[in-house]
Amino acid sequence: MLNNSGPRYKRSQIEQQMNIDVIWCVIILIILCVIGAIGCKMWLASFVAASGNNNETFRIPYLPFEINPDYEGLLAFWTFVIIMQIMIPLSLYVTIELCKIMQVYHIHNCIDLYDSQTNKRTECRAMNITEELGQIQYVFSDKTGTLTENRMIFRRCTIVGVDYNHPETEEEKELTKIGGPVPYLQPNISLVENLNQTIESNQLSGSAEQIQEFFLVLAICNTVVVSATPHKDHMNASGVIELNDSDTSVTLVRPVVTDAIANGTDPASDRYARLTESRSITPSPPPNAPTSLPLKQTHVPSLSPISSSAETSPMSESPPMKLKAITPTARVKSLVAKLPKGPFKSNNKNKFNMNSVKFPKSLSQGSTPSDRRPIFEAESPDELALVNAAYSYDCCLINRSPNHVLVNVPGEGVVEYEVLKILPFDSNRKCMSVVVRKTGTQEVILYTKGADSSIMSSLAPCAPGSEEYRLREQTQHQLNVYARQGLRVLVMAKRKLDATDFSEWYSQHQECELSMENREKKIRESFGLLEHNLTLLGSTGIEDRLQEGVPEAIASLLQSGIVIWVLTGDKTETAINVAYSARLFNPQMDILRLTARSRDSAEACINFYLNEIEKQLNDVDYSIRSDRDKGRALVVDGKTLTFILDLRSNLTKPFLQLTKYCSSVLCCRATPLQKAFLVKVVKEELRMSTLAIGDGANDVSMIQMADVGVGICGQEGMQAVMASDFTIAKFRILEKLLLVHGHWNYDRLARMIIYFFYKNAAFVFLLFWYQLYCGFSGAVMIDEIYLMIYNLIFTALPPLAIGVYDKKIIDDLLLNYPRLYRHGRLGKGYKSYTFWIVMLDALYQSLVIFFVAKAAFWDSDVDVWVFGTTITSSCLFTMLLHCAIEIKSWTILHVLSIVISIGSFYVFAFAYNTVCVSCFGLPSNYWVIHMSMSTVQYYLITALTAVLALLPRFIYRVVENTVWPGEGVRVTLQYKEEKRRGENLLVTWSRSTSASSIFRYLTTTTTTTTTTTMTTTKTTSSSSGKNNPGSKGSTLKARKKLNAAVGILERNNPQERFGY
């Protein structure tokens, strides 16, 4: 977790824009209050008249005392703040939180976001950014475990320049279809024969020794342990450890002699016991190691130290451990004595017998004594695949302790190696090494494996044309072949060390570990002193298949206009092959490759592509060719990426400018911190909304840096899930999460916020217009109790219904037309100018509501409470009808929200005006609503006000949807029209009662008219009903076939149905 930069608070773009508009509401409120205060002062100051040379101040009507206009104006300011505080939509924040809670509930319970294979559903861990899912512009994705299954299968290997293939078997295909575990490896016959020749010979040749040591590297250069029972992870996505009764109970059983027990890995010595042992036992010091320095052993890392792609955990150091005397010879004897004579040994001196190997069908069947196969527990799927591959060739890891490893080596039997030092993997070195010494000898050997870019450059120099040079060329050729096939490649190498030299290095390394400054850098440089002058042993190609639905999901996201970056640590050729398979790239794309070996070369390459693209864009012929729309993709290798991200190179901005012309970007050999930095620069420099998705600890910083972080529940722990905002089971779920739920959440919340600003502003403007007729005294014509519960009860439900249940476009259309996502991606639902349009609309509607009522009651003796109640009713009806215009999909909940709002107003008004004679010290409101509704004026004013106030908005919506319909409106109208045609066709077919007539109707040519068909149908129906006793049964069968045909018609691609 060294790459974890810590969590941060995230806010959506809508929330940021809404906060700005709330500030504008405060400013508008202050302006209204200042105008009111100035008006009050001026009105009071107007009661001054000249009487001769003296000034007399007339008393204000109904006030027996003199007042100070300035002081009264100041008091009026705060009075207006109190009565107009509705302008600041505090209840909006409460409503938004309720909407988001319900949106999270719908996401959590959506059956399409549930994965039955893993039994996991989508979880929202951050409830404040659900609407941000609808505004994503850039997606940054990890590859291994995110786009792929992270189920590593050992597919090919190269030893001594010879390629050995392990093709997919029929059994493996069946297991893959049902989502079963990784099947056991079927050994390559040619490699088995070479291995047997090695065993039969009394003296190992050079190539034979390489074959043996190749499998030895696979078996011991890792942190895999042998266990008696499979490990179960009891931590859920919330970080809670769940234990059932079977996990906590203790059962006494009769011990069974199996490989696990024979190997010293019975349940009593499970992984927790081994962990305890590792804290109390330290490896023996190297030969001639100085004893004056305290030993601090860098040993078993806490996370995976091996990956072909720089996508694993960083280096981890274990604390100092106490020395403990051990007797490896006695332990080896005891373990060897317990070793069963399983099917992997023949009577001919450990010779590998291909025919004696038994392959269990699946791991899900459990490990039985007949299987006699140890259970390997690895923190990395790569390591597990390599150890299983070695086991398939009888090079079996038997037991591992912090300072010793027992391995069954073909031709030698059980061999013990003393572990002197483990050099864990880190993303800079891109390799992992182990220093061992065979028990009983003084030979110290360094075994290493890692990325080809790291190992091949660290090999010992050799003369061109030599045998070693030829082997390296053949191996490199096979590596390129593996990469083009999309396999994850690893290279194995070794180095024989002099015991004295290693002792000196060990002493210097101890000083590096104890250093307080630049400790990691010094340790990395110290590792480099050992990991050079290597001897090549071979290479491997591991298959990691794409997850189901990944190509379709990526294609939909690209069609929606989202730019997708895949950040991987794999080899460039491997990543490109996977990109084509995942439809990140397509054959029509222009692939731009940045492969530079210096800073100047990277700059020249970027500038070249920028100039070429600008020339193409300015070319008239190019602008009218169809090639302009085929798109571009960018590929960046690891070294070039290092130059680009170097702040001293000033290449970041030109690089980002180049990526703006590309719909897909592939970054290879990227480290975890480089991933996070790429997300940061895109978000800050390009001002784009970003989403990062990953499944491992190395993706944590990237996930936390993005505006939206998505974690996948994979096989690399729960770190990514715990750091994410949303948790999904598979990458394909991201498609519906963004295109459907993201679109809905953004559109709903945007329209709900806009409506909230409108209704509050219109109500406040009504109070302001009344001040023109009351001398800006701060009096109101609406009862104060209505002012308090206006937002709380009368208008609370309709905005909530819009924000939770309204659907502008149905989910099928959103998935079939990914380009509809641009509505949210470009922020069309809530622009900065939308607020001012709403304010003008509210201003106009308030003018209509107030002055229509004022004109209707002109020159009448109606009191202020009847006038205010009438205005309140007109305002409520106008706002609810305004809400009805904005609702896109009517449901029973939308209807109930409006009905309940109207009903609550009248129920409360009747109860309040009936019971409350002189409540709250106010003048009598008794029977006000009754008197208002007893006149015809009340109903005419309410109806006329609603029509006049909403007429401009209604006309605008009609013209917009008719003359300039948006893409969503066009698609929806076409869908409804096609649906109506399908229903009419179903009605036509249902009139037929004969199977034969229906068959003729379905098979008629296009030139046959419907009238002729119906005539034939009626004639055949009557004759069939008389002469065929089984006509009724045939008719029922025919109707079922017709219903199935109509169902097929409805499930057809909407692009074909709508003529797209």
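Counting begins at 1 with the first residue displayed.
Each Cβ is built from the backbone N, Cα and C atoms, and glycine gets one as well.
Keep in mind that what you see is a predicted model, and the values were worked out from it rather than measured.
Secondary structure at D142 (active site, 4-aspartylphosphate intermediate), taken from DSSP and collapsed to helix, strand or coil, is coil. Marked as active site, 4-aspartylphosphate intermediate by TrEMBL: D142.
Annotated compositional bias 'Low complexity' per TrEMBL: 290-320 (among others), in sequence order.
According to TrEMBL, the compositional bias 'Low complexity' annotation covers 346-359 (among others).
Feature annotation from TrEMBL assigns compositional bias 'Low complexity' to 1012-1024 (among others).
As annotated by TrEMBL, compositional bias 'Polar residues' applies to 1025-1034.
Feature annotation from TrEMBL assigns region 'Disordered' to 262-321 (among others).
According to TrEMBL, the region 'Disordered' annotation covers 346-371 (among others).
Residues or ranges marked as region 'Disordered' in TrEMBL: 1012-1037 (among others).
If you look at the transmembrane segment (21-44), the same-chain residues 6 or more away from its ends with a CB under 8 A from one of its CBs are 60, 67, 69-70, 72-74, 76-78, 80-81, 84-85, 87-89, 92, 757, 760-761, 764, 768, 771, 775-778, 835, 839. Per TrEMBL, transmembrane segment is recorded for 21-44 (among others).
The transmembrane segment feature in TrEMBL is assigned to 75-96 (among others).
The transmembrane segment annotation in TrEMBL covers 753-773 (among others).
Residues or ranges marked as transmembrane segment in TrEMBL: 785-805 (among others).
Tertiary neighbourhood of the transmembrane segment (833-858): same-chain residues 21, 24, 28, 754, 757-759, 761-763, 765-766, 769-770, 867, 870-871, 874-875, 878, 882, 937, 940-941, 944-945, 948-950, 952-953, selected by CB-CB distance under 8 Å and a gap of 6+ residues from either end. Per TrEMBL, transmembrane segment is recorded for 833-858 (among others).
The transmembrane segment annotation in TrEMBL covers 864-885 (among others).
Panel annotation: around the transmembrane segment (892-915), residues 783, 785, 789, 793-798, 800-802, 805-806, 869, 872-873, 876-877, 880, 883-884, 925-930 of the same chain, lying at least six beyond its termini, place a Cβ under 8 Å from a Cβ of the stretch. Taken from TrEMBL, the feature transmembrane segment covers 892-915 (among others).
The feature transmembrane segment is assigned by TrEMBL to 927-951 (among others).
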Contact set, same chain, for the transmembrane segment (753-773): CB under 8 Å, 6 or more residues outside the stretch: 14, 18, 21, 25, 28-29, 32, 36, 39, 80, 83-84, 86-87, 89, 91-92, 95-96, 779-782, 790-791, 795, 798-799, 802, 830, 834-835, 838-839, 841-843, 845-847, 849-851, 871, 875, 878-879, 882-883, 886
Row D142 (active site, 4-aspartylphosphate intermediate), column other C-beta within 10 angstroms, all chains, value 31
Recorded stretch that, among 75-96, 864-885, 927-951, has the most CB pairs under 8 Å to the transmembrane segment (785-805): 75-96
Other same-chain positions with a Cβ less than 8 Å from the transmembrane segment (864-885) and lying at least 6 residues past its termini are 755, 758-759, 762-763, 766, 780-783, 786, 794-795, 798-799, 802, 845, 849-850, 852-853, 857, 898, 901-902, 905, 909, 923, 925, 928-929, 931-932, 937-938, 941-942, 945-946, 949-950, 953-954, 957
